[in-house]
């Protein structure tokens, strides 16, 4: 089965075609991503209206390029899949409406994919990973530990009770006058800094629950920087190094508890695995800390290639292909959802507002 996937949930416009054979093995036939970093850089973050307009301008030609790269015509794909949430509603509408139109025009089945499910299933595309396994999703909008039991069978073990880790990186970078996007900038500066200079907090460290928290760490960075004004270059590098070290310690503690729970629930699992996905997974220091953690706990550490860790359409096409193998297509009446938890049966997370829990 060959599936055309479309991703427009945030600030990347993407189209891809993925093939899944009868044995469940996958192959990427094309994968095209257009980033909007230049459009949003002057504002220091993603502007939803600008993102939606950029998707409108780029998506048609990206779909054409994905088809051309795969050597296919639209009628030769077997299904169309698109991200239906969670994400910025304007971008979701652009991608979803385009995918529906293509599916209708080519008379192909349509699958509305949860963006988080795309991340959750990527390791099955790249590594053929069997169920069950653990997923750590760390990005600008999400920080979650998810137990992946099967297609559509997910349990959120832990989530952030305040800020996503990617947001903490971006806010730290902005506070220190570093360029957008903030994550790579903080990582570069941290390489030159002294991680022991500032004693920053490790939120929730040692607690039994499996959730994450980063707002206190972000506040501590602000207070530290304020006390040092005007900041020298050495101050900035040392703050970045201390911040990154605090994050690595926090993740190791929080994730380690989830690894122990997994071993308790699945004592006979021959190859326990931790999958790390999301843009923050590109950080080499954090990856090294998590890889060492997995080694100590007897887990395989799996991080898909960087271009498949960040937002892309190959993961959406693959999730559509996985669902197509066992489920009926979705209706073309399905609406986008700015908030769409991967495990809707789970209890709401801490700190939910009037509009409900974040995905």
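Using N, Cα and C of the backbone, Cβ positions are placed for all residues, glycine too.
Summary of the site annotation: Swiss-Prot records Fe cation binding at 115, 119. Screening the candidates 268, 311, 330 against this entry identifies 311 as the one listed for that site. Listed by Swiss-Prot as binding substrate are 137, 138, 139, 140, 141, 170, 183; the candidate from 68, 114, 283 that the record includes in that site is 283. A strand conformation is recorded for residue 137 (substrate binding site) in the three-state DSSP classification. For residue 183 (substrate binding site), the nearest of the binding-site residues by C-alpha distance turns out to be 311; the candidates were 115, 119, 311. Here residue 139 (substrate binding site) comes close to 164, 165, 166, 278, 279, 280: these same-chain residues lie at least six apart in sequence, with C-beta atoms under 8 angstroms from its C-beta. Taking CA atoms as the reference points, residue 137 (substrate binding site) and residue 119 (Fe cation binding site) are 8 Å apart.
If you count neighbouring Cβ atoms within 10 Å for each of the binding-site residues 115, 119, the highest count belongs to 119. Highlighted in sequence order, 7, 9, 83, 116, 118, 139, 277, 278, 312, 315, 316 have their Cβ within 8 Å of the centre of the Cβ atoms of 115, 119, 311, the residues recorded for Fe cation, and are not part of that set. Across the structure, residue 115 (Fe cation binding site) and residue 141 (substrate binding site) place their CA atoms 11 angstrom apart.
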